[in-house]
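Colleague: Attaching a single structure in structure tokens format; questions to follow.
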Amino acid sequence: MTPRVVSTPKLLLLGTLLIAPSCARPSSPSSGDQGAQAGSPQDTLSTAKAVDPSLFLAAGLAGPVQEVPCTLESGESTTCLRIARTSVPSDHAQGPWCPKSIHDGPEAGGIWPEAGVAHEVTGEFVANLATFYEDSAWAVHNEDGTINVTDSAEKCAAAARPDVDPDLHNHCVECLPTYLAQDTVVETLIPKVPTKARSPSPIRSNIGLALNGVEFAAPAPTHAILAAHTLAPFDDCGGHINMHEGYHYHAVTSGCLTSIAQGDAHAPMIGYALDGFPIHARAGDDGTEPIDLDECRGHADETRGYHYHVAGPGKNQTLNCFTGEIVEGAARRPPGPRPDQPPPK
Ligand SMILES: [Zn+2]
Ligand SMILES: [Zn+2]
């Protein structure tokens, strides 16, 4: 399917139209509210709203969202939404990732997270890696100023393996959309109505979906990437490509993702986590993130119920864990090698 760029006015209309029915929907009972005190954040959890499939941009879906029976990790049977998606963002361009020369500016490269900061991957940044990481083995650039960049699908796959091909050490790893099969469709199951789990569960692979259908992925294995003296930058929208799952996000940057304004000063909604709770941008209109976030980066308020706020783009980790029940097996690694993730323990 050919992705279509959705125009801004249409997106605004979408946000305006769709937020209303979602808010007007009566509260759904939840099985996760045992012991809740009236008026407490726990109680707000029990008023969780159903996932609204119409919030996803149709251009990123491979067909209508379907309701299917599913089993949660708790063993409980429930109803899920099956979201088949192309992993191609319809609301922004992909790349660039790697500058080709040490003289290239920030427009030629993406970002790289280190110590909580999203660094611009400029030619100068690449030329400076030995100093930046205090390791003289870094030499991603050549004497003539060119930068070693993976320039084929084969090199991209070989460089993104957990055991990086030795020939591709000291490369900037860039996997282009043209390397991917055009008909790649990935299915994700999300509980239709989120319920709180007894205890938070760890993130292993997929964190959730942006409204354009693209996955918020688990942290990129930067230690393994750096150990081979490679960089695998995210583009300015926080995403990059691997050959098995296509484009995915490791960071959320401002101004890229389709978002739904909240009508108050609260951060806009940008997607859904795998447990069905909404994901919002990091900061509200005042530029600060909420101070009452739990360990998973969630909190509850009367307007929205429980929801998450993503971390800053330098963290390489959008959310820390799942508060709600996820579908059985949903967070496991997909079948086949996952070159972008550490090898299974
Ligand atoms: Zn990745
Ligand atoms: Zn909030």
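In case you wondered, yes, glycine gets a Cβ from its N, Cα and C as well.
Keep in mind that this is a model prediction, so the values were computed, not measured.
Checked TrEMBL, it gives:
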type: SIGNAL; residues: 1-24; note: signal peptide
type: REGION; residues: 24-45; note: region 'Disordered'
type: COMPBIAS; residues: 32-45; note: compositional bias 'Polar residues'
type: DOMAIN; residues: 190-284; note: domain 'YHYH'
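Provide an account of the burial state, proximal residues and distances for the features listed.
Modeller: On the 0 to 100 pLDDT scale, the domain 'YHYH' (190-284) averages 95 in the predicted structure.
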Colleague: Within the domain 'YHYH' (190-284), count helix residues (DSSP H, G, I), strand residues (E, B) and coil residues, in that order.
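Modeller: In the domain 'YHYH' (190-284), the DSSP-based counts are 6 helix, 36 strand, 53 coil.
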